[in-house]
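**Q** According to Swiss-Prot, the feature Zn(2+) 1 binding site maps to His63, His65, His141, Asp212, an assignment based on sequence analysis. Positions annotated as Zn(2+) 2 binding site by Swiss-Prot, on the basis of sequence analysis: Asp67, His68, Asp212, His270. Taken from Swiss-Prot, the feature active site, proton acceptor covers Asp67.
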Amino acid sequence: MEFVFLGTGAGVPSKGRNVSAIALQLLEERGQTWLFDCGEATQHQILHTSVRPRRIEKIFITHLHGDHIFGLPGLLGSRSFQGGTTPLTVYGPKGIKQFIEVALSVSTTHVKYPLEIVEITEEGTVFEDNEFHVETKRLSHGIECFGYRIIEKDIQGALLVDKLLEMGVKPGPLFKRLKDGEVVELENGTILNGQDFIGPPQKGRIITILGDTRFCEASRELAQDADVLVHEATFAAEDEQQAYDYFHSTSKQAASIALQANAKRLILTHISSRYQGDTYKELLKEARELFSNTEIATDLKSFPVER
C-alpha cells in the first residue's frame, strides 16, 4: 500500500503544485489503484509516476469543485484509448453522474470498459468486499463534500511452517489445505487441524482521506485511530479566520484533528499557492508543534503505508 500524490495544490495549479489528486496504490493487496479526486491535468501527472490508468479500479470524488474533478473526462477517455477493459467505478456527490455523462457525450468519447457511477446521497458505507470497507461522512465545505475512511480488513495469519516441519510434515499440497483451515490426516494416522497451525491475524490498516473542510467533528470521527490521515492545510495558523470564511483548514487545525483522533501519522496537502518555494515548510513546522509525526506532500511524492 502506497500513496502517490499527483496534485497537492489548492484551487488553481501553480508552478510547483498541480490541483488535487491522490493515488492509493493497492498493488500487493488487490493489483489495483484507487484514485481520490481528479483535478485538471491529473493524467499528465500520472505520466511521471508508476501509476497505470488501466489499473485504476475506483475513483472517489470528495466534492464537485473544478480543482477536484476537471481531470476526470480526460482520464476516463485515456484509460479506454490505452486499452483499459476492466470495470471502473466512480463515487461522488450528487451531480457527478451528470458531469461525467455530459462531458463524455459532448466530446463523443466512448469508453470501452464498464463504467459505473455511484452518487453518494447519505453517510455510511459506500463500498465493501472481503478486503476493504469504505465509509464516508459529510464535511464542512459550503457545498456537499465527503471524507473517506478506508478500512483494510484483518489478514489471516501466516502458516506456522516451522511447527509443521518439526512434526515431520513436508511442504506440499498439505500445507495449502492446512493454511485453508482444513482438518487433514497424515500417512501415519495423525490428525492435524489447520487452525492450530495458523499464526495470529495481521491487523488491517485504516486510511482517512478528507476533502476540503473547515475544522469539524466529522473529520475527527473519520480519522479515529487511523494509521494515516490525509488532511488539507490550505492556510497557516495566523490565517485561521480566513480559513473559516473560505471553508478550509489551517495546518494547526489538521494537526489538532490528528491528535484528537489518535491518528498515527498525518500528511498535509491542498497547499495554497501563496506558499511558494520553501515557505510551505512553515505549515509543516506549525503542525509538528502539535503533532510531531506530520509530513507535507509535494507533487509526485510517494508515501508507503507500513503495517
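Glycine residues also receive a Cβ, built from the backbone N, Cα and C atoms like all the rest.
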**Q** Within 10 Å of its Cβ, which one of these binding-site residues (His141, His270) has the largest number of other Cβ atoms?
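**A** Per the Cβ count within 10 Å, the most buried is His270.
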**Q** Around His65 (Zn(2+) 1 binding site), how many other C-beta atoms are within 10 angstroms of its C-beta?
**A** 20
**Q** According to DSSP, folded down to helix, strand and coil, what is Asp67 (Zn(2+) 2 binding site)?
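**A** DSSP assigns Asp67 (Zn(2+) 2 binding site) to helix.
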**Q** Sorry to bug you, but what's the C-alpha spacing from Asp212 (Zn(2+) 1 binding site) to His68 (Zn(2+) 2 binding site), rounded to the closest Å?
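**A** Distance between the two Cα atoms comes out at 10 Å.
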**Q** I want the residues beyond His63, His65, His141, Asp212 whose C-beta is within 8 angstroms of the mean position of the Zn(2+) 1 site's C-beta atoms, in chain order.
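**A** After dropping the recorded site residues, what remains is Thr62, Leu64, His68, Leu139, Gly142, Ile143, Cys145, Gly211, Thr213, Phe247.
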**Q** Under a criterion of Cβ-Cβ distance under 8 Å and sequence separation of at least 6, what residues of the same chain contact Asp212 (Zn(2+) 1 binding site)?
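**A** Counting only residues 6 or more apart in sequence, the Cβ neighbours of Asp212 (Zn(2+) 1 binding site) under 8 Å are Thr62, His63, His65, His68, Leu139, His141, Cys145, Glu232, Thr234, Phe247, His248, His270.
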**Q** Can you give me the residues near the recorded Zn(2+) 2 site, meaning same chain, not Asp67, His68, Asp212, His270 themselves, Cβ no more than 8 Å from the center of the site's Cβ atoms?
**A** Ala10, Gly11, Val19, Ser20, Asp37, Gly39, Thr62, His63, His65, Gly211, Glu232
**Q** Suppose we draw a 10 Å sphere around the Cβ of Asp67 (Zn(2+) 2 binding site). How many other Cβ atoms does it contain, all chains included?
**A** 22
**Q** I'd like the number of other C-beta atoms within 10 A of the C-beta of His63 (Zn(2+) 1 binding site), please.
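**A** Other Cβ atoms within 10 Å of His63 (Zn(2+) 1 binding site): 24.
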